[in-house]
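A.B. asks: Sharing the features that TrEMBL gives for it:
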| type | residues | note |
| --- | --- | --- |
| DOMAIN | 26-346 | domain 'Malectin-like' |
| DOMAIN | 356-393 | domain 'Leucine-rich repeat-containing N-terminal plant-type' |
| SIGNAL | 1-17 | signal peptide |
Amino acid sequence: MSLSFFLLLLFFPFSLSQTPPRGLLINCGAHSAAQFDNRTWLPDSGFISSGSPKTVTTPVLFPTLHTLRSFPRQVKKHCYNIPVYRGAKYLVRTTYFYAGVNGADHPSPPVFDQILDGTLWSVVNTTRDYSDGNSSFYEGLFLAQGKIMSLCIGSNTYTDSDPFISALEFLILEGSLYNTSDFTKYGLALVARHSFGYSGPPIRYPDDLFDRVWEPFGQSNSTQASTDNVSVSGFWNLPPAKIFETRIGSDQLETLQLRWPTASLPSSNSKYYYIALYFADDTAGSRIFNISVNGITYYHNLNVIPSGVVVFASQWPLSGPTTITLTPAASSSLGPLINAGEVFDVLPLGGRTLTRDVIALEKVKQSLRNPPLDWNGDPCMPRQYSWTGISCSEGPRIRVVTLNLTSMDLSGSLSPFVANMTALTNIWLGNNSLSGQIPDLSSLKILETLHLEDNQFSGEIPSSLGDISSLQEVFLQNNNLTGQIPANLIGKPGLDIRTSGNNFLSPPAS
């Protein structure tokens, strides 16, 4: 195993005001903006074009749970497009409260996927929380690699009723937070974040300046702590000072075992987790102990001091149940303690379609009057959620290689931006109601097939088609094309060209 260990006592210059975290708060299904806890929540209609807003009739604990947006499960992907600052690190949080909106035939919440850009983030299963009368939230840390991030709801094979979402948050994190992770390759999906020994309501903003959620985790050996000397402003990952007010542990020289996180983690040889454990103590005496996770040494001879320490590993293998063991060192006069902890799933990013192709497809979408309903989010990724009619290349540079919308009852025109997708080998748009002129496709140097038959294209056939040496099939029959068939297409070796049913000045050569 290749593991990374860090013990950091950092006091770098840093200033944070008590202003709310920057970013967007979106109240899904709401019709107007509203203020909750002195923060503005926006309606979601400006960020998504599909789904239906619905109102929850059961009592809710927080105002944003009064509404939600529901999505027809027959469409495989529905996406929010969120404007972001490229290069900024974002905490993304999704919240779900079902409230039985799919009717009496579906008393349990649907199970579906959530997708961030081109990465399958997680399966959304809120069944247990909903049976307890609670909402569910999912939290992840992601880098904005462009000016838009997409959060998509995907109808997977488990879904037997319409998926939904209640709230969506995109909050900007300080660049130093969790920065031992390479966010160009990985995201972090929250598994657990707890304040140990604490039994109150979840700790959030304004205690946590980034509105992270620290949930209570009390045990019989929980105690109050006196940690006035903790310098949070210089503390790695900038946790809230409130998490150091309680702890699990004692002054007795005895081993402390903590089953945490409480849920059993998926068994996989390739799963890695980011673990951060937080400690502080100003009790007279020494508090030195060893930390192991599932019997493997995590840190040796940790000396807990009044100003606080954090120990973390950016990639640690875990599976099944997890036990953290704190064992007093021989030199310690006091037993071990722990104040808080975070565990994230290290999530390999699924890749993104080349920006050039994404922009071109958006232009194609705009030129169609009725594009496929799932043309949202990343066109190629995740693979199981690629756009209808799109196939893409393998490897790190993901390109669109086929556009196949045959017999999709499409109308509108074919945007000339289609020629910017220079990896295209096949265009199949036959048997639709597309009109307008055929654009110049000469930049598609590896195009092999062009099927535009049985449409309403007009104007002349671009002579530049004859310059594409790779062309094998050009099917243009049954349109409203005029003029003459370009000479460089007639008799072109290896080319099957079909043009019957048009209004040409002269018939094609046989």
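Heads up, the Cβ atoms here are built off N, Cα and C, so glycines get one too.
Predicted automatically and left uncurated, TrEMBL annotations should be read as such.
Note that the coordinates shown come from a computational prediction; the quantities given were computed from them, not determined experimentally.
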A.B. asks: Where DSSP helix means H, G or I and strand means E or B, what are the helix, strand and coil counts for the domain 'Leucine-rich repeat-containing N-terminal plant-type' (356-393)?
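C.D. replies: Helix (H, G, I), strand (E, B), coil: 15 helix, 4 strand, 19 coil.
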A.B. asks: Taking a Cβ cut-off under 8 Å, which residues six or more beyond the ends of the domain 'Leucine-rich repeat-containing N-terminal plant-type' (356-393) line up next to it in the same chain?
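C.D. replies: The answer is 49-50, 75-79, 81, 113, 115, 117-120, 150, 152, 154, 350, 399-405, 408-415, 417-418, 420-423.
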A.B. asks: Can you give me the average pLDDT across the domain 'Malectin-like' (26-346), rounded to a whole number?
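C.D. replies: 93, rounded to a whole number.
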